[in-house]
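Annotation source TrEMBL lists transmembrane segment at 30-61, 111-130, 217-243, 263-285, 322-340, 360-377, 447-478, 490-509, 530-554.
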Amino acid sequence: MFACNRNSTCSQQEQEGDHPPVPALEAECAYTLFVVAIFWLTEALPLAVSALLPAFMFPLFGIMESKEVASAYFKDFHLLLMGVICLATSIEKWNFHKRVALRMVMLVGVNPAWLTLGFMVSCSFLSMWLSNTSAAAMVMPIVEAVAQQIAAAEAEADALEMSYSNGSTNLALELDGRHTNTAGEEKTRGWLVQPSKMKSEKKYDYREDKYSGIFKVMCLCIAYSATIGGLTTITGTSTNLIFAEHFNTRYPDCKCINFGSWFILSIPITVVILVLSWVWLQWLFLGFDFKSMFKCGKKKTAREEASAKVIQEEYKKLGPMSYPEIVTLVLFILMTLLWFTREPGFIPGWSSLFPKYKGYATDSTTALVIGLLFFIIPAKTLSRTSNGESTAYGYAPLITWKEFQSCMPWEIAILVGGGFALADGCEVSKLSDWVASKLTPLGSLPLWLVILISCLIVTSVTEVASNPATITIFLPILSPLAEAIHVNPLFILIPATLCTSFAFLLPVANPANAIVFSYGHLTVMDMVKAGLGINIIGVAVVMLGIMTWIVPIFDLYTYPSWAPIISSNSTGL
């Protein structure tokens, strides 16, 4: 069956009121969207492979030419992603992430509650600039080492107390987790641990320990803070990047979504969700003793002493900051400053230095300029001999192309390209207009209820589907919905994008959850119980933000001139 072109006799029959003998372009595009969505949700094929389906289905259905579909698979988003991955590659290569994580934890202290908060802040900060998966994978080994040392110290402290109560002393037990007898030493995940109550030749089982609550909290805080931190920046998570590219492509005259504007609207949301999540996890597993947290002069417990010792020893192993770390930090700060100052809004940005080419430079321009420097700047400095001469060395940049390739998420790049192709197909085939006409009755509902319904839907779907696939499916639906009910599209798209990241319930909901769960210290019910509360907290805070402080940032109560006005007389199927 052949597709019906708009310039064909079939189109003439449609204009005269007769039904065409072949399916309309709207139906063919809807079928393609449905097939791709099913493959994405079920993951019957790899996400990137499923994203390639529009590349051959659209030309066969006569919706778009092959070269037009191909051009949708590589856009400004991909250049931005490549620049950010250059930074992430250097951070991982030179262990700068570990220094940041340990330093932040050292600043907050070793009280269990403050220690948990320190891990959450450090992990969320890293996830602002790296992928959520990388942030969780980087910090979790540190948490594991601290937890193992805590378990050893607590067991030995209990044994010492029991020995004293029985009138005897076991001199073989030491607080630092090492055993001095001749029975040998057990090494667990790189840490020497020999608690008297530990099963021989087995890893310490948190679930059998009376202090299991603190270990569950420490594990869950990494999984959740990695996701929460990614909300803060456009580059923090793939869903934010997909939204930004979709929005700027659909509404090219807006020019209101950039790194600075997104950071301003999302940083309060991130901070509030992070703090409330910390309180929720503490209360759920430990009981939130607010008074003891701020009590000064309190003697440290064996657990706190062990935590401090592990963190300090691990930080000492890093030594002073190396030359590559310093350069990476400088380039990181430079990239961030250039992002913020390109078009800050309240003052002229550096883009105003090029008035003839207004709008030409974007956040991807900055990312690429800084990203290229990682391939140019050498990883070593010239060392001088005693006679003052510089010694020659083999030139090596901060990162190599092979290292960049190993960190570049090509699957996400192709997945996003498939989403752009679907969005273009919906526009060309007029499927977006048809969806908008069918959603017009929702305009009779209160605006807050429309936003809440969309947030709950995407939050539910993202628990069983990947975050990028979920946002890619819903953006082409929610954009015409906002236009149909004559509401600023940002009013619906911003909260929906944020809520797409709220995949906290299941270990398979996102990679950060899976990484933490793989350590074996949590049950599925632990994650479901904790994640349900954080899901509710997240949706509530997003609703609060979109109805209060985000409104004046984008003047949300005014229907913008850059958004089209959709007529309700659109063609039906």
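Glycine is no exception: its Cβ is also placed from the backbone N, Cα and C atoms.
Because the structure is a prediction, the values reported are computed rather than measured.
Tertiary neighbourhood of the transmembrane segment (360-377): same-chain residues 76-77, 79-80, 82-87, 89-90, 234-235, 258-259, 327, 331, 334-335, 338-339, 342, 351, 354, 397-401, selected by CB-CB distance under 8 Å and a gap of 6+ residues from either end. The transmembrane segment (530-554) is not in contact with the transmembrane segment (30-61), judged by fewer than 3 CB-CB distances under 8 Å for residue pairs 6 or more apart in sequence.
Tallying C-beta pairs under 8 angstroms between the transmembrane segment (30-61) and each of 111-130, 217-243, 447-478 places 447-478 first. Remark: the transmembrane segment (447-478) contacts the transmembrane segment (217-243), by the rule of 3 or more CB pairs under 8 A. The list of residues near the transmembrane segment (111-130) in space but at least 6 beyond its ends in sequence, with Cβ under 8 angstroms from a Cβ of it, reads 84, 87-88, 91-92, 97, 100-105, 136, 138-139, 142-143, 146, 214, 217-218, 221-222, 224-230, 232-233, 235-237, 270, 274, 277-278, 281-282, 286, 288-289, 293, 303-304, 307, 332.
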